[in-house]
Amino acid sequence: MRISVIGCGYLGAVHASAMAELGHDVVGIDVDERKIAALAAGRPAFYEPGLPEILASATASGRLRFSTDIAAAADAEVHFVAVGTPQSAETGAADVSFVDAAFFALLPHLADGALVVGKSTVPVGTAARLAERLAAEAPHARLAWNPEFLREGFAVKDTLSPDRLVYGIGAGDGHAASVLDHVYRAAIEAGTPRIVTDYATAELVKVAANAFLATKISFINAMSEIADATGADVTALADAIGHDARIGRRFLNAGVGFGGGCLPKDIRGFIARAEELGLHDTLAFLGAVDETNLRQRRRVVDLAVQDLGGTAAGRKVAVLGVTFKPDSDDVRDSPALDIAVSLQELGAEVVVTDPEGLENALARRPDLRAASTTREALFGADLVILATEWNEYRALDPAAAGRLVGERRIIDGRNVLDPAAWRSAGWHYRGIGRP
Ligand SMILES: NC(=O)c1ccc[n+]([C@@H]2O[C@H](COP(=O)([O-])OP(=O)(O)OC[C@H]3O[C@@H](n4cnc5c(N)ncnc54)[C@H](O)[C@@H]3O)[C@@H](O)[C@H]2O)c1
């Protein structure tokens, strides 16, 4: 099929490349000239495993091109809108102005029978509003909402082989569903579950999924606080409750908490939307989920100060990781970066390092001192904080690391190290909710 993807950030660049990989003829469009120039030259503007390979093969095949001109979308039969929906600073609500701008820019270029497909995560009600405008201004075109569930770090695999497909379609618009079936034929033939529903449900599926995941993480982090106060071990607790199939072990890892460009802003946007709907109490628990999550960052900073003997001033702290998760260079709302900045503000001499995220971290916080290698970051440190669980940090050898630091103290902010191995190498080891 002929496809356009409008917005080529973390979601759109992967989606455009994956659609071309599936054999479609794709144009990726973005207002950011530098991003488009880099993508057209086969260089993704961000780190995502597997993306350079499919981007290179798709551009070489001629099935994928890029443009900053929305008119380049005119030939497409299907238009995916994948622009950002950041948190609005004043209200916490999702800012849909980029979605609106992309949608209205696209309207004059829609061919007869074109299908506009929303991918961005939007407040419930957005699709119905845009469908009304479409019916009035381009009645020859239709709208569907097809939320995206990809995980950064696994984005290529998740896009090529999603664990489910959700289509929100207008009343009686079976044709939109069959067009999307055509787009995702490979996944559907592989048995991917597909849920065809209305706009509101499709929009809600995405934010409900993120709200549930955020709740699961904050739940185990709350348990880690109880564990710290009682001498219990939150990791064993998670293993034990995780054996219950109704609970499940995944996303039950206590640590510095969640971050990134989705979970924090999506739960805040969901709370704001519920309030607009007059449901002031309904999602109040998500406020507690958010607060528990942010408290984890402060808790790690407090533990660091405690381990440094009551003051961070003048002490050298090595922070391993700045991204919100491994296998990504994304530092949006990153707990690791927050912890580094907070300790620096307390007077510590912080040195951050990360395999992929340093450029983005320094773009946000040019005042941070960065080391390009773990070795350099560890050198002379009074305290080490493992803040993002990159494999390189999980695999650190406590004896070798011990020879580099000034003092053998580590806070394992992701509970991924073996406490016994680190302690027997002479380290003061502290996990989150681990005795
Ligand atoms: N990143 C993820 O893992 C992920 C996963 C699922 C859903 N989402 C959702 O997908 C959406 C995009 O997220 P992202 O992380 O890719 O954001 P992003 O900020 O990385 O990318 C958004 C892109 O849209 C472009 N853009 C803005 N206005 C435009 C316009 N009028 N025309 C063309 N391009 C325009 C921006 O220049 C930017 O490149 C958000 O709603 C997000 O919640 C993201």
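Glycine is treated like the rest: Cβ placed from N, Cα and C.
The active site, nucleophile annotation in TrEMBL covers Cys262. Positions annotated as NAD(+) binding site by TrEMBL: Asp30, Lys35, Thr85, Thr121, Glu152, Lys265, Arg332. Residues or ranges marked as substrate binding site by TrEMBL: Phe149, Leu150, Arg151, Glu152, Lys206, Phe251, Leu252, Asn253, Ala254, Gly255, Gly259, Lys325. Here TrEMBL flags 318-419 as domain 'UDP-glucose/GDP-mannose dehydrogenase C-terminal'.
Positions of the features from TrEMBL, shown on the structure.
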residue : record                 : Cβ contacts under 8 Å, 6 or more apart
Asp30   : NAD(+) binding site    : Ile6, Gly7, Cys8, Gly9, Gly12, Ile36, Leu39, Phe66, Thr68
Thr85   : NAD(+) binding site    : Ala94, Asp95, Val96, Phe98, Val99, Ser120, Thr121, Val122, Lys265, Gly269
Arg151  : substrate binding site : Asp158
Glu152  : NAD(+) binding site    : Tyr10, Glu48, Gly260, Lys325, Asp327, Ser328, Asp330
Lys206  : substrate binding site : Thr121, Pro147, Glu148, Phe149, Val166, Asp266
Leu252  : substrate binding site : Lys216, Ile217, Phe219, Ile220, Ala238, Ile241, Gly242
Ala254  : substrate binding site : Ile220, Asn221, Met223, Ser224, Ala227, Val234, Thr235, Ala238, Asn415, Ile432, Gly433
Arg332  : NAD(+) binding site    : Gly259, Gly260, Gly261, Phe324
Asp30, Thr85, Ala254, Gly259, Lys265, Arg332: which of these binding-site residues put a Cβ within less than 6 Å of any ligand 1 atom?
Asp30, Thr85
Quick one: largest C-alpha distance among Asp30, Lys35, Thr85, Thr121, Glu152, Lys265, Arg332, binding NAD(+) per the record, in angstrom?
23
Run through the Cβ atoms and count how many others sit within 10 Å of the one on Cys262 (active site, nucleophile).
27
State the mean pLDDT for the domain 'UDP-glucose/GDP-mannose dehydrogenase C-terminal' (318-419).
98
Give me the long-range Cβ neighbours of Lys35 (NAD(+) binding site): same chain, 6+ apart, Cβ under 8 Å, in sequence order.
Cys8, Gly9, Ala13, Ala45
When a 10 Å sphere is centred on the Cβ of Lys265 (NAD(+) binding site), how many other Cβ atoms does it contain?
23
Going by DSSP, is Lys206 (substrate binding site) part of a helix, a strand, or coil?
helix
CB contacts for Gly259 (substrate binding site) [other CB atoms within 10 A, all chains]:
24
Consider each pair of residues in Phe149, Leu150, Arg151, Glu152, Lys206, Phe251, Leu252, Asn253, Ala254, Gly255, Gly259, Lys325, all listed by the record as binding substrate, and report the largest Cα separation in Å as a whole number.
24
So, three-state DSSP: helix, strand or coil for Lys265 (NAD(+) binding site)?
helix
What are the DSSP helix/strand/coil residue counts across the domain 'UDP-glucose/GDP-mannose dehydrogenase C-terminal' (318-419)?
35 helix, 18 strand, 49 coil
